[in-house]
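What TrEMBL says about this one:
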type	residues	note
DOMAIN	62-362	domain 'D-isomer specific 2-hydroxyacid dehydrogenase catalytic'
BINDING	Ser148, Arg202, Ile203, Pro257, Leu258, His259, Ala260, Gln261, Asp309, His333, Met334, Ser335, Gly336, Ser381	NAD(+) binding site
DOMAIN	156-335	domain 'D-isomer specific 2-hydroxyacid dehydrogenase NAD-binding'
SITE	Arg285	site 'Important for catalytic activity'
SITE	His333	site 'Important for catalytic activity'
Amino acid sequence: MAKVLAVLYPDPVGGYPPKYARDSIPEITHYPDGSTVPSPEGIDFKPGELLGSVSGELGLRKYLESHGHQLIVTSDKQGPDSVFEKELPTADVVISQPFWPAYLTADLINKAKNLKLAITAGIGSDHVDLNAANEHHITVAEVTYSNSISVAESDVMQVLALVRNFIPAHEIIQQGGWNIADAASRSYDLEGMTVGIVAAGRIGRAVLERLKPFNVKLLYTQRHQLPAEVEKQLGATFVADVKDLAKVVDVAVLCAPLHAQTYHMFDDKLLATMKRGAYIVNDSRGELVDRDAIVRALESGHLAGYSGDVWYPQPAPADHPWRSMPHQAMIPHMSGTSLSAQARYAAGTREILEAFFENKPIRPEYLIAQDGHLAGVGAKSYTVKKGEETPGSGEKE
Ligand code: NAD
């Protein structure tokens with residue numbers, strides 16, 4: 001019997017379940033690379049339900065309890081008196097979502113003597129100190145691709161929202177106004193602009209594909225250059241160094257995972273080299289950028305806009321400067337937790353658990369770390385060096 005500890009975000013303020021806007025979600029069977037969406041032996045939820053909050057339980061309770069396992073679900077994750085920290089020392093499996101991350105720091109991993117598996121219900125495992133996970137031979141797995149398209153769609157929406165000045169224009173209407181000049185004086189067309197994608201992985205490539213029909217000039221930087229035929233299909237030009245990309249773009253879309261090489265990639269120095277009036281969209285991780293440098297660049301007018309759903313820490317405190325900085329279109333961390341995405345990553349979490357309990361291999365594309373090393377997709381996307389702790393593990397700020 002195993003103890004599974006799931007840290008999920010709180011239920012809707014109006015109670016659970018919410019009144020849903022639609023009765024069903026489209027059925028997706030494959031991802032763009034041809035791989036299949038999660039295929040567990042079964043699911044105990046209706047796709048389209050809210051699964052990522054505490055009462056949704058990722059649809060796991062029936063499955064786990066019918067196999068004799070214990071499931072503890074909580075949103076209480078901060079500090080030594082939290083349910084998370086109290087239950088962790090005896091947990092065999094921890095499930096967390098990047099939207100409401102249970103920061104598994106080296107210190108906490110040391111105390112989690114039974115921990116064998118840390119599952120990210122979603123994508124992005126930087127909330128786990130991967131060095132410490134490897135030292136303790138903890139398997140880290142995530143549901144690769146489950147919400148990549150969800151995020152790519154949001155990235156495109158946020159690019160357009162910034163460039164077109166959508167949110168301030170909407171606010172004018174809500175406040176009873178009709179001043180067209182105010183709405184239009186920061187509104188541009190995206191057509192003809194140069195857009196740079198930082199990291200063309202699953203999300204970055206999907207953003208490139210979706211932006212191509214807007215008749216923009218597309219650049220991308222990436223650890224591994226894409227094959228020539230893919231570049232041609234996407235109409236995208238490779239730029240080896242992010243510094244050369246930053247200098248020339250009108251819009252930068254950040255799609256890289258957070259690790260030692262990407263931590264604070266966009267700092268005062270890099271921002272100063274960007275064109276006046278450039279925009280940044282970042283749905284990847286808050287710490288890819290220097291928080292205060294972004295505020296300074298927006299206040300001075302050097303950046304024309306910043307939009308993102310990722311913050312540090314999460315949840316963001318009430319006085320986080322990104323809540324009140326000018327020319328921003330910030331949202332809580334939600335682009336990857338649409339109801340459509342939840343159905344996929346809840347099923348993927350179940351698939352990983354089934355493999356773990358039945359001693360079967362976890363899909364390699366789900367693996368971030370295993371047997372003391374980065375593994376699967378983790379070996380391609382992350383960097384872990386001894387003594388170079390994975391940023392974002394909760395020990396900063
Ligand atoms: P992915 O693994 O398919 O792609 C990441 C790419 O980044 C890889 O191709 C890798 O080679 C590249 N990369 C890594 N370091 C780099 C560097 N220093 N310079 C350039 N490229 C680099 O992952 P994905 O599905 O595209 O997701 C990317 C990230 O987006 C995740 O790690 C996560 O942090 C974030 N994410 C956010 C949400 C959300 O809800 N906001 C949801 C899913 C993922």
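Backbone N, Cα and C define each Cβ position, glycine as well.
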* Annotated binding-site residues Ala260, Met334, Gly336, filtered by Cβ under 6 Å to ligand 1 -> Gly336
* At the Cα level, what's the spacing in Å between Ala260 (NAD(+) binding site) and Arg285 (site 'Important for catalytic activity'), rounded? -> 13
* Counting other Cβ atoms within 10 Å, pick out the least crowded of the recorded sites Arg285, His333. => His333
* Asked: Among all the protein chains here, how many other CB atoms are within 10 A of the CB of Ile203 (NAD(+) binding site)?
  -> 30
* To do: Within 10 Å of the Cβ of Ser148 (NAD(+) binding site), how many other Cβ atoms can you find? Include all protein chains, please.
  => 24
* CB neighbours of Met334 (NAD(+) binding site) within 10 A? -> 15
* What is the maximum Cα to Cα distance, in Å and rounded to a whole number, among the residues Ser148, Arg202, Ile203, Pro257, Leu258, His259, Ala260, Gln261, Asp309, His333, Met334, Ser335, Gly336, Ser381 annotated as binding NAD(+)? -> 25
* Distance [Cα-Cα, Å, rounded] between Ser148 (NAD(+) binding site) and Arg285 (site 'Important for catalytic activity') -> 14
* Structure fact -> For Gly336 (NAD(+) binding site), the nonlocal same-chain Cβ neighbours (under 8 Å, six or more residues apart) come out as Pro98, Phe99, Gly122, Ile123, Ser146, Asn147, Ser150, Val151, Asp283
* Asked: Given the binding-site residues Leu258, Ala260, and counting only Cβ atoms in the protein chains shown, which has the most within 10 Å of its Cβ?
  -> Leu258
* Structure fact -> Cα of Asp309 (NAD(+) binding site) to Cα of His333 (site 'Important for catalytic activity'), in Å and rounded, measures 4
* **Inter-residue C-alpha distance, Leu258 (NAD(+) binding site) and Arg285 (site 'Important for catalytic activity') (nearest angstrom)** => 6
* Asked: How far is it from Ile203 (NAD(+) binding site) to Arg285 (site 'Important for catalytic activity'), counting Cα to Cα, in Å?
  -> 13
